[in-house]
């Protein structure tokens, strides 16, 4: 009788994905973030489910229902802070996962990469809608500012914004809609993650050298299952430290003030993980131009497979490309810092320089450096 894990229709899918999966023997800790993202998604779905049991999506009671969760529900404060900080951990893992993909040339797996970019958009949409739900000052004004960006679309913009608002301002209708979408999107993300894995397992994982590793593969379990478990424990340690000791570190104090349409906060800004894109948006004086730059700053990831000019896949043996990759990372940190600063000199100028540098490195410098490195290989 054959082993049940290899013959059972359902169990063999799990077996081929997590147990007998042939994995390159030299993948480093940078390959842990895929499983950590799955771990984060599970935490978010479970905590979100319990929060949804007590939350009410009505403008009159949304803020007080969150207060009620924190004060009166058993361990409600823990569930709420795990969910809020879980989003931050999700994005940290996501950015590191994308950074790994860019550095080691994983984007040459075209389908896997494009599904990944769609996943990034879905996660960003979910996080934005979730930020609106507590109905604090930043929730309300963030929703107003971001939804208002759609009015930059020619001809249909204003109609589109009023359609999303269900009226002439952000009120009960968008809050209820955002709650509905915020609830359903994580399940769509889970389905997309499965498609992401399906495409990945068609080709097998990339590895730090960027070379074909068919001749040197080992089973996923126990080698990498243990490695992933260690990664999950380290993530959990950092995560619970954040939740239990400094739960409001990454939040905005303005969100502890109930939403008031008559009182605008001095600095409207999104959560930290959107600040880089927000800085790019603010760097362009024209509204439509800013919106296009904002969208393209994420969509540009889809161009990486086309912009790859090097004969080598990974940046592991390309010191010039490495140099500009890390300049790009530093530039993203700069944009994140600028996004949280007021719109005044010198922050506007720094933001504009950083935005130009971001697009220049990706579209011009990295492909050019790759071509130069190809020449140096012959030399």
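Positions of Cβ are set from backbone N, Cα and C atoms, glycine also.
Residue ranges 8-28, 113-133 are listed, and Swiss-Prot annotates 113-133 among them as transmembrane segment. Range 77-98 is the one annotated as transmembrane segment, of 77-98, 143-164 (source: Swiss-Prot). Note on Swiss-Prot: of 263-283, 347-367, the range annotated with the feature transmembrane segment is 347-367. Of the given residue ranges 33-53, 54-74, Swiss-Prot assigns the label transmembrane segment to 33-53. Between the CA atoms of residue 196 (heme b b566 binding site) and residue 182 (heme b b562 binding site) there is a gap of 21 Å, rounded to the nearest whole number. In summary, the transmembrane segment (178-198) lies against the transmembrane segment (113-133): three or more C-beta pairs, each 6 or more positions apart in sequence, are under 8 Å.
At the 8 Å Cβ cutoff, the transmembrane segment (77-98) and the transmembrane segment (226-246) share at least 3 close pairs (sequence separation 6 or more) and count as touching.
For residue 83 (heme b b562 binding site), other Cβ atoms within 10 Å of its Cβ number 21. Around residue 196 (heme b b566 binding site), taking its Cβ as the centre, 21 other Cβ atoms fall within 10 Å, counting all chains. Residues 55, 57, 62, 66, 87, 90-91, 94, 98, 101, 106-107, 139-140, 142-143, 146, 174-175, 178-179, 181-182, 185-186, 188-189, 192-193, 195-196, 199, 270-271, 273-274, 298-299, 301-302, 304-305 of the same chain sit 6 or more residues outside the transmembrane segment (113-133) yet have a Cβ under 8 Å from a Cβ within it.
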